[in-house]
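J.: Pasting in a structure now, in structure tokens, and then I'll have a few things to ask.
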Amino acid sequence: GNSDTGGGSAADDGKITLGFSQVGAESGWRTANTTSIKEAAAAAGVELKFDDAQQKQENQIKAIRNYIQQKVDVIAFSPVVESGWDTVLKEAKDAGIPVILTDRSVDSADKSLYKTFLGSDFIKEGRLAGEWLVEQKKTASGPVNIVELQGSAGAAPANDRKKGFAEAIAANPNLKIIASQTGDFTRAGGKAVMEQFLKANPKIDVLFAHNDDMGLGALEAITAAGKVPGKDITIITVDAVKDGMQALADGKFNFIAECSPLLGPQLMDLAKKVHAGEEVPARIETEETTFTQEQAKEALPNRKY
Amino acid sequence: MTDSRPVLTMTGISKSFPGVRALHDVNFRLFPGEVHALMGENGAGKSTLIKVLTGVYDTDEGSITLDGAPVSFSGPMQATAAGVSTVYQEVNLCTNLSVAENIFIGREPRLLGAVRWGEVRRRARALLARLDLDLDVSAPLGSYSLAIQQMVAIARAIDIQARVLILDEPTSSLDAGEVAQLFRIMRQLRDEGIAILFVTHFLDQVYEIADRITVLRNGGLVGEYPTAELPQLGLVEKMIGKELDVLEGIEEHSRRDLAALEEGTPLVAVSSLGRAGAVEPFNLTIHAGEVVGLAGLLGSGRTEVARLLFGADRADGGQVAVDGTSSSLRTPAQAIDQGVGFCSENRRAEGIVPDLSVRENIILAMQAARGWLRPIPRRRQDELVDKYVKALNIRPADPEVPVRNLSGGNQQKVLLARWLITEPRLLILDEPTRGIDIGAKTEIQKLVTQLSDGGMAVLFISAELEEVLRLSHKVAVMRDRQMVAQLANDDGLDADRIMQTIASGSHREEEDR
Amino acid sequence: MTTGSLTAGRTRLRLPRRQIPVLATLALLLVMYGVGVSQYQAFSNVQVIFNVFIDNGFLLVVAVGMTFVILTGGIDLSVGSVVAMTAMVSASLLQQGLPAALVLVIALLIGPTLGLLMGCAIHFFDIQPFIVTLAGMFFARGMCTFISGSSIPITDGFWTRMSQERIGDPRGNFVSISVLIAFAVVVVAAYTLAYTRLGRNVHAIGGNPQSALLMGLPVGRTRIAVYTISGLCSAIGGILLSFYTLSGAPLIGVGMELDVIAAVVIGGTVLTGGSGYVFGTVLGVLVLGVIQTLITFDGSLNSWWTKIVIGGLLFAFILLQRLIGIRYK
Amino acid sequence: MNDTMGRYRTMVGHRLFWPAAVLVVMLAANTVYRPGFLSVELKDGHLYGTPIDILRLSAPLILVALGMTVVISTGGIDLSVGSMCAISGAIACMYISQQPDQNSLPVVLTALAMALGVALVLGAWNGVLVAVIGIQPIIATLILMVAGRGLAQLITEGQIITINSEPYRAIGLGHVLTLPLAILIALAAALLVGAFTRRTALGMIIESVGGNAEASRLAGIRSGRVIFLAYVLSAVCAAVAGFMMTANVSSADGNAAGLWVELDAILAVVIGGTSLAGGRFFLSGTILGALIIQTLTTTVYAMNISPQTSLLFKAVVVIAVCLIQAPAFRARFTRRRSSAPPPSTVTDSPKEQVPA
Ligand SMILES: Nc1ncnc2c1ncn2[C@@H]1O[C@H](COP(=O)(O)OP(=O)(O)OP(=O)(O)O)[C@@H](O)[C@H]1O
Ligand SMILES: Nc1ncnc2c1ncn2[C@@H]1O[C@H](COP(=O)(O)OP(=O)(O)OP(=O)(O)O)[C@@H](O)[C@H]1O
Ligand SMILES: [Mg+2]
Ligand SMILES: [Mg+2]
């Protein structure tokens, strides 16, 4: 450990200290997110105090309190859940430390508690996935059977992606979700659930997985059942991590809505701005796109994660 | 006495456990102001009757009345509340709690709901003083020996304002002085009109204190007799159900030529073995074929000597030589490798493994010595086990029942069997006859003589001096955790001389013993 | 002690033996704190200590309940879920506009009721506590997701006040009301365990349940009471958590039962029952809290290094605690 | 008549009867819900069907639970098995992923050997903490439970390591004689552990240590060694389970692999009739317990019970299982139904026996 941290000395040398509380390291996506932030901090000359909350809100609150004690210049965090931040954010505000949210939002009524929210829109991701499907199945005459692999029950991305997707496919009454089950965002979970889906439902046309990993797990189940992924069953996922992009490029997936973890550079930018007292927009969406199989082939060689 | 109405009656009591009929149509009465002995062999059903009475077990059939009114206790709590106070066989106290608390838990003096600890300690001290005990009442009970724990259990029971006091083998681990103390109090309580139910395997004690005797055999009632009308021999015959011939006391054969035995290198030679706070360093030699008795008062350190010798506790210093070569007996496993066996006095905590079957309990030590890779073939196990189940008359004779289901005395026999099959060269027996019925006790005494004739050395610890004298070639006397004398068991030695040895130079408080 | 020579040797080690575990834990905790202060400047702020209490108040309350259970030799795996369920129920009832007082009462009843049921199952049907409370854990967590799949914010005035009220000294250091509540719970529990029959019966059952039964103690009643108390503590913990986060979230407190058990055991309570102190549990919670604080202050640890270091600190602590001469049991 | 009655009684009295009954009821319920549930067909020379899935998916749990059974029987508990799965899987996959030829058998064997070696070390670590230093098992293994997951992530650097190795994949998905290899491995492990404990005296010695440690010590058992061995065995079982988990999806996820498996394993052990207080253990019961748990999970998927209510559903089933399991609970009903209850089932547990 370094002994000269904290104590408000940060401003003296003109270097910003940023306290960042990460959700955890529960997925490759999250790790990429962490790496991006660390690299960006180093590049931008920001001193980073990093804390891993191990998926516990309590830990994040603790970390934020400690950042306040250490008098960091800016606090940023990816909230584990939406609610429950008012008290500690008020303490930060009273201590005069600006707060930036990344990746996930909070539902505080008092918007002055944080400066800005930088991150993806999970609902939009679900909607993009749904819209693509609606477009694809425009011509479908009979019913289209969809199965859904949800993320962990109760997690915001799971809830929102489900919601966005459902909204989008409501446009076509032929599109029906016949089974929806949680695969806990993991490959093993995705595979085990898909195995049962396949046995219970003779005709599955589309699989929507809330992240690439579950989709990749489901791939195996589909292959084992003697079906051809990407052809017999259309597969849509979210995230666009490397393995997922590979599967898309190989024609095993059909569509991915990107959810980019590379928030680092944007975050450092914002941190400097709020520290300097500049006005920043209240909501900054990460630049995200979607990939079809062709786009994936193009993009794959220069993907960073 | 018997002209009053019984305070307690049990009528037609039956109780079965899976595969065992522990009680069958038993009647029992208890009058106020009497001491009533409940007698029977190991497994006869004495403890079960007591447990049925106090609601630990449900009855299958039968009824119980207290003061003429039918009762059915749901457990000891209710029984105690109704004035039936019980000391169950085996010490049933909580060793993690302090002595004082063990005596008063459940009925602590309180002020506004808060336990008055000072008062608890004060009263505990007073109560123990009645039993001639001077203990640190705030020390955990577990730091005291089993005998002390037994006394504490008795203290707990007699403090309760009870009309019925039940004592299931309270004297099995007490020495003569403690027993006398207990009897004094029992008489006092009896004279106050309390009805006392008393279980023991010591016939002398029965004739000393009991007014009436009820005999059980194999779960059935044999009869109820005034003590005066039932001579000792008759009692034993009623208990074992046949003519008495086994009971020809073993002749005092042991007074053989000690000098002859003690020729050559001793099997075990101990020099200045000791452990701070437990036993002062002592020297002791034991020769093959020799029975060494260990005498002393309660808490004098006999058990500690045995444990040190066996490596159950670490000694601070001193050497042990086996066959003349110095050996290390620092763990029980090492001691067993050297041919030492140790049958602990505390069978529940240090002896039986309750979940394992009788067979497994018996072969445990032998198996441990062989190592787990060489299991004893099942056939051999069955042979060995059968042999000792028969020899020691272990009941039920089914080796596959969990040992937890056996009566106390039968558990003790199982432990004995465990060590006998290992054929040790030195067998340490700490209170081996504790809680064992008269028939089996003689068997065990015979066994010890046989074994020593066959060349096995035995270190024999018993609270009964007669027993020690009868069996030993040599008696080592303990006082205050010091080995104060080693006396050859020649014609000059008797109980009185041992008591004198113990008493001479002992502390003031013990002079009256 | 001034008794005769008979007892002198026997009592020699008594006092230290009983107190050493707790004292050792306390000493080690202080050492750990000292290390923090010497390494990180801001660590010496009084508020850092206060924060440890603020951030761990609910954990403390739950751990106190767990102490009762573990003292009887049982275990309660449901606590984390009951905490979450209580918070969820409060949040959703408040959302529906029920008055705060009523919500409090309801929320405080649910936990003990579940505890009571579990205690009855354990006692009457003779089922192992582990499995019963595991079922309770599934059930309570199931109720959480059943009530709502996503977190519910609390906007109620009373809750907000309880959450944001700062009780402090003029220099700006403060604790929350939750801390006071937690302390109150600790005091009541310590008193109950040391000075009431219930408390003593708890120790007795942990020492030897069969003996306790034969001694005429109300074993069944006590055992049921203990799970009920744990349920109550979890409910209070849940309320405190809902003060703390001003919300109910279905996945909050996952794995909390392990933290709680760890805190209790680090505090010197023996898992097989019969021996331990509430004060030890307080220390145990503080140990976990300080470890967490140390790690945040360091701020340079990777995600996985965080876990490794937590494990390492835990190990070092327990090893030292053990070497300083605690002989559990 | 009397004879059939007697046979019925011995059957019902058997330890495994009630867990087995629960399993059968669960399968039956599934079959009613979806008649094809139990059907098994031959596809490409492999058996294919839900029952096979259940068996295959329960293989890792069976393995972990086997080790756990032994540890619990000594009076301990091993919370670190989940982390152990993650670590072993991570090491194996990491090594394989770095080799040029992932499909070569020697590479895979080296990977397995390395991972097993580490598992041995970690198991020994647990064993030393418990048996030598005397730390309470739950805390001793908690250390590795926390730190171990960190280690696993350290190895994979937080990424999901995907490999493309047919031999390794076979551990999770391969078939031998139409049956999934994973099932056979679990079966072999069960037989091995069974043979080791029941054909030698080890089982009795373990039970003795768990039943009364002090008495065992005085009987000459070196209980420290036995306990130590138990933790090593548990670690090795968990490591093999880790191979299966990662092979099943051809990737190692340091975070998710084996998450909460310790709870499932303990549950399986307890359902199988082994007491958490130590003492007697029942390997066959444990296996049945693991199957019940996996069937339960599969049922949630197969009946498509919504994620929101699936936990409630599980809770209800677990409660039902433990109630049916409990002799005291059944006794209440038996007593009510027949006035003269068969002694073998009713008085099974005298009131005196209070579980610790
Ligand atoms: N819990 C139990 N389960 C099964 N059988 C039991 C149980 N308790 C006692 N028994 C059996 O009941 C019979 C009577 O036992 P009990 O303990 O009453 O004997 P006892 O007369 O007290 O003998 P001892 O003098 O050895 O103490 C024995 O055969 C014993 O094996
Ligand atoms: N009168 C007493 N006062 C206090 N403690 C005692 C007393 N008697 C025995 N103890 C306790 O018992 C232990 C010594 O007893 P030990 O078991 O060695 O004696 P023993 O001669 O075998 O007597 P016992 O008949 O109790 O088996 C001591 O360590 C002490 O803790
Ligand atoms: Mg008896
Ligand atoms: Mg003794």
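Backbone N, Cα and C atoms are what each Cβ position is placed from, and that goes for glycine too.
Summarising the annotation, TrEMBL assigns region 'Disordered' to D:336-356. Residues annotated as transmembrane segment in TrEMBL: D:16-34, D:54-72, D:79-97, D:103-122, D:129-152, D:172-196, D:226-245, D:257-274, D:281-305, D:311-329.
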J.: Honestly, do the transmembrane segment (D:103-122) and the transmembrane segment (D:226-245) touch, with at least three Cβ pairs under 8 Å and pairs 6 or more apart in sequence?
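T.: Result for the transmembrane segment (D:103-122) with the transmembrane segment (D:226-245) is yes.
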J.: I'm a bit unsure how to read this: which one of D:129-152, D:257-274, D:311-329 has the highest number of Cβ pairs shorter than 8 Å with the transmembrane segment (D:16-34)?
T.: D:311-329
J.: Under 8 angstroms for C-beta pairs, at least 3 of them, ignoring pairs fewer than 6 apart in sequence. Is the transmembrane segment (D:226-245) in contact with the transmembrane segment (D:311-329) by that rule?
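T.: By the criterion, they do not touch.
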J.: What stretch, picked from D:54-72, D:129-152, D:172-196, D:281-305, has the most CB pairs under 8 A with the transmembrane segment (D:79-97)?
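T.: The stretch with the most close Cβ contacts to the transmembrane segment (D:79-97) is D:129-152.
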J.: Excluding the flanking five residues on each side, which residues at least 6 beyond the ends of the transmembrane segment (D:129-152) place their CB within less than 8 Å of a CB in that stretch?
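T.: Same-chain residues near the transmembrane segment (D:129-152) but 6 or more away: 71, 75-80, 82-84, 86-87, 89-90, 122, 223-225, 227-228, 231, 252, 254-255, 257, 262.
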J.: Near the transmembrane segment (D:172-196), which same-chain residues lie under 8 Å Cβ to Cβ, leaving out any that are not at least 6 residues past its ends?
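T.: Residues packing against the transmembrane segment (D:172-196) from afar: 42, 45-47, 52, 55-56, 58-60, 62-63, 66-67, 70, 202, 233, 237, 240, 243-250, 283, 287.
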